[in-house]
Amino acid sequence: MKDYIRRVSDGEDLTQAEAREAASLVFEEATEAQIGALLSALRAKGETEPEIAGFAEGMRAAARRIDPDRSPLVDTCGTGGDGHDTINVSTTSSFVVAGAGVPVAKHGNYSVSSSSGSADVLEEIGVTIDAEPPAVETCIEETGMGFMLAPVFHPAMKAVIGPRKELGMRTIFNVLGPLTNPADADAQVVGVYDEALVPTLADALSRMSVDRALVVHGAGLDEIGVHGESTVAEVDGESVEQYTVTPSDLGVDSHDLSAVAGGSPTENAADMRGILEGDVEGAKRDIILANAGAAIYIAGEADSLAAGVDAARESIDTGAAAAQLASLREFEP
């Protein structure tokens with residue numbers, strides 16, 4: 001670990017394999033001072049794509065992993081930290097995706113930077129959020145969807161809580177959550193808080209085991225937005241293509257950003273229920289359609305983003321999305 005700290009402090013980039021080993025040392029034997037020193041040095045130097053991929057692989061290796069017998073598994077998970085308290089877009093979208101027949105292994109946590117994280121809103125709406133890995137695996141196989149709470153599946157992360165808190169700044173771990181799905185999802189939609197991270201995380205994902213992914217940033221949001229142009233990087237194996245999409249490209253209307261504002265977990269749970277049951281129209285429904293459609297597309301279940309949005313719309317309008325919520329609430333670990 002001392003060698004890695006020295007080299008990174010001197011401005012040297014680590015290889016992906018070295019970054020993976022450094023992550024293992026962080027989780028297994030490094031002191032808090034060493035962890036803080038490495039994270040600070042990486043931040044000062046600037047984390048490279050191979051370093052991000054290597055750390056993500058090391059974090060995955062330390063996780064409690066599951067292997068549900070459903071495919072293609074998809075995850076919708078963002079970095080958070082975009083500074084906008086919107087409704088719970090990726091979480092609500094997950095039910096729409098699963099309702100469309102695409103199995104979902106949702107990875108998430110309690111809120112860090114917003115009023116309501118995925119775990120907060122799911123707990124409020126009556127879903128068991130802290131199930132053990134075998135139970136989540138069964139849940140995905142039986143209902144088509146499961147929620148993996150980060151602290152349950154990533155106990156090794158306890159080692160970095162203290163150093164991260166004391167540093168008080170963003171580190172490489174702020175972008176690793178979406179890259180460390182414990183079910184090794186086949187396809188992902190990854191939202192990022194900074195547009196500059198779109199090509200960075202797309203490149204990192206292309207170096208990992210994910211088959212297909214969309215890395216997205218929507219005019220200030222770590223989601224595909226419905227208030228302007230969104231930047232998208234599409235990962236297919238080792239290839240990456242970057243482009244932009246507008247709401248009209250997806251077949252939804254444009255809205256003001258303020259129209260997708262969220263609130264407390266209670267308020268966001270009410271919005272989630274209303275959207276899934278077809279009682280909420282307008283911007284909040286449209287942003288869910290856009291992001292659910294993206295997940296359906298990248299899972300290979302639609303030929304285009306717009307076709308994915310059509311499938312998402314059908315999931316809500318037929319009652320399938322609401323039924324998916326009911327089945328997850330009723331599942332007993």
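Keep in mind that glycine also has a Cβ here, set from the backbone N, Cα and C atoms.
Around G78 (anthranilate 1 binding site), the C-beta neighbours below 8 angstroms that are at least 6 residues distant in the chain are V89, S90, P178, V190, G191, V192, Y193, D222, E223. The feature anthranilate 1 binding site is assigned by Swiss-Prot to G78, N109.
Secondary structure from DSSP puts S90 (5-phospho-alpha-D-ribose 1-diphosphate binding site) in a helix. Swiss-Prot lists G78, 81-82, T86, 88-91, 106-114, S118 with the feature 5-phospho-alpha-D-ribose 1-diphosphate binding site.
The Mg(2+) 1 binding site feature in Swiss-Prot is assigned to S90, E223. Packing around E223 (Mg(2+) 1 binding site) is summarised by its Cβ count: 29 other Cβ atoms lie within 10 angstroms of its Cβ, all protein chains included.
The annotation anthranilate 2 binding site is assigned in Swiss-Prot to R164 on the grounds of sequence analysis. Long-range Cβ proximity for R164 (anthranilate 2 binding site), meaning a same-chain Cβ under 8 A and a gap of 6 or more residues, is found for L39, T171, F173.
Per Swiss-Prot, the feature Mg(2+) 2 binding site maps to D222, E223. Its own atom aside, the Cβ of D222 (Mg(2+) 2 binding site) has 28 Cβ atoms within 10 angstroms in the protein chains shown. Annotation note: D222 (Mg(2+) 2 binding site) sits in a coil segment as assigned by DSSP.
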